[in-house]
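Here Swiss-Prot flags 2-108 as region 'Head'. According to Swiss-Prot, the feature phosphoserine maps to Ser7, Ser12, Ser28, Ser31, Ser45, Ser289, Ser423 (among others). Per Swiss-Prot, the feature phosphothreonine maps to Thr17, Thr76, Thr77. If you look up Swiss-Prot, you'll see Arg37 marked as asymmetric dimethylarginine. According to Swiss-Prot, the feature ADP-ribosylarginine maps to Arg58, an assignment based on similarity to another entry. Residues or ranges marked as domain 'IF rod' by Swiss-Prot: 107-415. According to Swiss-Prot, the feature region 'Coil 1A' maps to 109-140. Summarising the annotation, Swiss-Prot assigns region 'Coil 2A' to 268-286. Residues or ranges marked as site 'Stutter' in Swiss-Prot: Asp353. The region 'Tail' annotation in Swiss-Prot covers 412-469.
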Amino acid sequence: MSQAYSSSQRVSSYRRTFGGAPGFSLGSPLSSPVFPRAGFGTKGSSSSMTSRVYQVSRTSGGAGGLGSLRSSRLGTTRAPSYGAGELLDFSLADAVNQEFLATRTNEKVELQELNDRFANYIEKVRFLEQQNAALAAEVNRLKGREPTRVAELYEEEMRELRRQVEVLTNQRARVDVERDNLIDDLQRLKAKLQEEIQLREEAENNLAAFRADVDAATLARIDLERRIESLNEEIAFLKKVHEEEIRELQAQLQEQQVQVEMDMSKPDLTAALRDIRAQYETIAAKNISEAEEWYKSKVSDLTQAANKNNDALRQAKQEMMEYRHQIQSYTCEIDALKGTNDSLMRQMRELEDRFASEANGYQDNIARLEEEIRHLKDEMARHLREYQDLLNVKMALDVEIATYRKLLEGEESRINLPIQTFSALNFRETSPEQRGSEVHTKKTVMIKTIETRDGEVVSEATQQQHEVL
């Protein structure tokens, strides 16, 4: 109780002597400031120091000076302030000065620790800014070159693949047309082959009929030759018989002539025999000429028939040879067309297999490129998220640095003001006009939030914060 009373008495004496401070109150001269620590390790301090809470308030006055820095001791009540026209107590001022020097020493130690922590904090901020700059450069590089280049390569390869697909489609259509044409030619040749086979069968049937006719004509010719031989033999026999009859008649005529000569009374028969001989010779010549003419006519008829049959046989043989040659040529053509068709079908199957394999390869390339694009998009999204996180951390650190700067500037102003007061022994109170003439600094912090999904920007928001330093 006595200590609280003495402290209150000292404060009252000090206020009676110096008056209230313009920007702060000395409710606890022995206390030391404790700054809020964010992101640093906590270091132990002396147990005799009490905590001091600082409240920074912005003023919207005409000059816009620094906010008043108020300090209040926890668990104590402020002593009532008195006017500035009271008398000076030098013994109390010396005691207060000694206590203030001790407090000043402790505050220097704490300020050194805070400076070390602040230096570490600045180093960490610089390191994070370097990482942020590197990540931003990487993001810009990926955003500016890699996706565009990958897209160009993808589009170029897709155009090449489409062109190859069109070429292969045209080749396949042309091969299909050629195959259809060859199938039509093959069907036409098969129909022509069937017609030629029918013509060959008809020719063979005609040839068989002609062979029967030739055989019949040959038999007729042989029969006629035999008849001619028999007629010739008959003619020769008749000639012999006629000659014998003539000889007999001549012999008889000679005998009769002898008898006539011997018997003069008998009539003359020479003229009669001559007439008979002439008649027989005429009849024989007529028969011979008729037989020869009939034989010649028959022989000529048979010869003509044989010639006709031979001509027909020769023509049939020629036609058969021609048909055989045509059949052989058509067979060779069919074999060649079959070979061409087989080769074209094999080429078509090879083209289809190659087209299928190339299409599979192109599909694999497309899938690989799409996977690379997705991977790059994921990487870009990850870098954007990291960049956004680092940007948020940087903004928070900037805000915290600004807060530390304001607290340090307020503490320096609070510390420097009593020193100037004690050194100059200037017991005049600072007027409100002088406090309002201090220059303030206004800082604007822009926080830009970008939300991405699968590498694409979904939403973008911008927030501005105004701070007065």
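All residue numbers here begin at 1 and follow the chain in the order shown.
Each Cβ is built from the backbone N, Cα and C atoms, and glycine gets one as well.
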(message) For the region 'Coil 1A' (109-140), how many residues does DSSP put in helix, in strand and in coil?
(response) 32 helix, 0 strand, 0 coil
(request) Would you mind reading off the Cα separation of Asp353 (site 'Stutter') from Ser289 (phosphoserine), to the nearest angstrom? (result) 93
(request) Give the number of CB atoms, excluding that of Asp353 (site 'Stutter') itself, located within 10 Å of its CB. (result) 10
